[in-house]
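Trainee: OK, Swiss-Prot features for this one:
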- Cys34, Cys37, Cys40, Cys70: [4Fe-4S] cluster 1 binding site (BINDING)
- Cys44, Cys60, Cys63, Cys66: [4Fe-4S] cluster 2 binding site (BINDING)
- 25-54: domain '4Fe-4S ferredoxin-type 1' (DOMAIN)
- 51-80: domain '4Fe-4S ferredoxin-type 2' (DOMAIN)
- 1-20: region 'Disordered' (REGION)
Amino acid sequence: MESLGATVKEPGSTRKNKTGSWRTFKPFLDKDKCIDCDNCILFCPEGCIDKEHEIDYDYCKGCGICAEECPVKAIKMEREK
């Protein structure tokens, strides 16, 4: 099997189009429980969580990876209203 290298010159369509409008579940962070491990930032596939642990809901797809990776369960997924 051969390897193929590539460079992404432009972000995918997520940055061009707000995708948060069709989300079913929404992450909520309890900052009192947060231990600043930054797992949520590291594992978010859309890069929707900033250094202050604010979530950009315009682009969050509600996948729940941030909640799954949080070691202290400071992020809860709630049904979108």
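Including glycine, each Cβ sits where the backbone N, Cα and C put it.
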Trainee: Give me the mean pLDDT over the domain '4Fe-4S ferredoxin-type 1' (25-54), rounded to a whole number.
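Mentor: On average, pLDDT over the domain '4Fe-4S ferredoxin-type 1' (25-54) sits at 96.
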Trainee: Should anything in the same chain at least six residues away from the domain '4Fe-4S ferredoxin-type 1' (25-54) have a Cβ under 8 Å from its Cβ atoms, list it; otherwise answer none.
Mentor: 14, 19, 60-80
Trainee: Does DSSP put Cys44 ([4Fe-4S] cluster 2 binding site) in a helix, in a strand, or in coil?
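Mentor: The three-state answer is coil.
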Trainee: From the DSSP assignment alone, can you count helix, strand and coil residues within the domain '4Fe-4S ferredoxin-type 2' (51-80)?
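Mentor: Going by DSSP assignments, the domain '4Fe-4S ferredoxin-type 2' (51-80) contains 5 helix, 6 strand, 19 coil.
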Trainee: Relative to the Cα of Cys44 ([4Fe-4S] cluster 2 binding site), which of the binding-site residues Cys34, Cys37, Cys70 have a Cα no more than 10 Å away?
Mentor: none
Trainee: Any idea which of the binding-site residues Cys40, Cys60, Cys63, Cys66 has the thinnest Cβ neighbourhood at 10 Å?
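Mentor: Among the binding-site residues Cys40, Cys60, Cys63, Cys66, the sparsest Cβ neighbourhood within 10 Å belongs to Cys63.
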Trainee: How long is the line from the C-alpha of Cys34 ([4Fe-4S] cluster 1 binding site) to the C-alpha of Cys66 ([4Fe-4S] cluster 2 binding site), rounded to the nearest angstrom?
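Mentor: Each residue's Cα considered, Cys34 ([4Fe-4S] cluster 1 binding site) and Cys66 ([4Fe-4S] cluster 2 binding site) end up 12 Å apart.
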Trainee: Name them in sequence order: residues not among Cys34, Cys37, Cys40, Cys70 whose Cβ is within 8 Å of the mean position of the Cβ atoms defining the [4Fe-4S] cluster 1 site.
Mentor: Leu29, Ile35, Asp36, Asp38, Asn39, His53, Cys66, Glu69, Pro71, Val72, Ala74, Ile75
Trainee: Output, ordered by sequence, the same-chain residues six or more apart from Cys37 ([4Fe-4S] cluster 1 binding site) with a CB under 8 Å from its CB, or 'none'.
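Mentor: In sequence order, the residues whose Cβ lies under 8 Å from that of Cys37 ([4Fe-4S] cluster 1 binding site) (at least 6 apart) are Cys70, Pro71, Val72.
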Trainee: Given the binding-site residues Cys34, Cys44, which one has the fewest other C-beta atoms within 10 angstroms of its C-beta?
Mentor: Cys34
Trainee: For Cys34 ([4Fe-4S] cluster 1 binding site), name the DSSP secondary structure in the helix/strand/coil scheme.
Mentor: coil
Trainee: Over all shown protein chains, what is the count of other CB atoms within 10 A of the CB belonging to Cys70 ([4Fe-4S] cluster 1 binding site)?
Mentor: 21
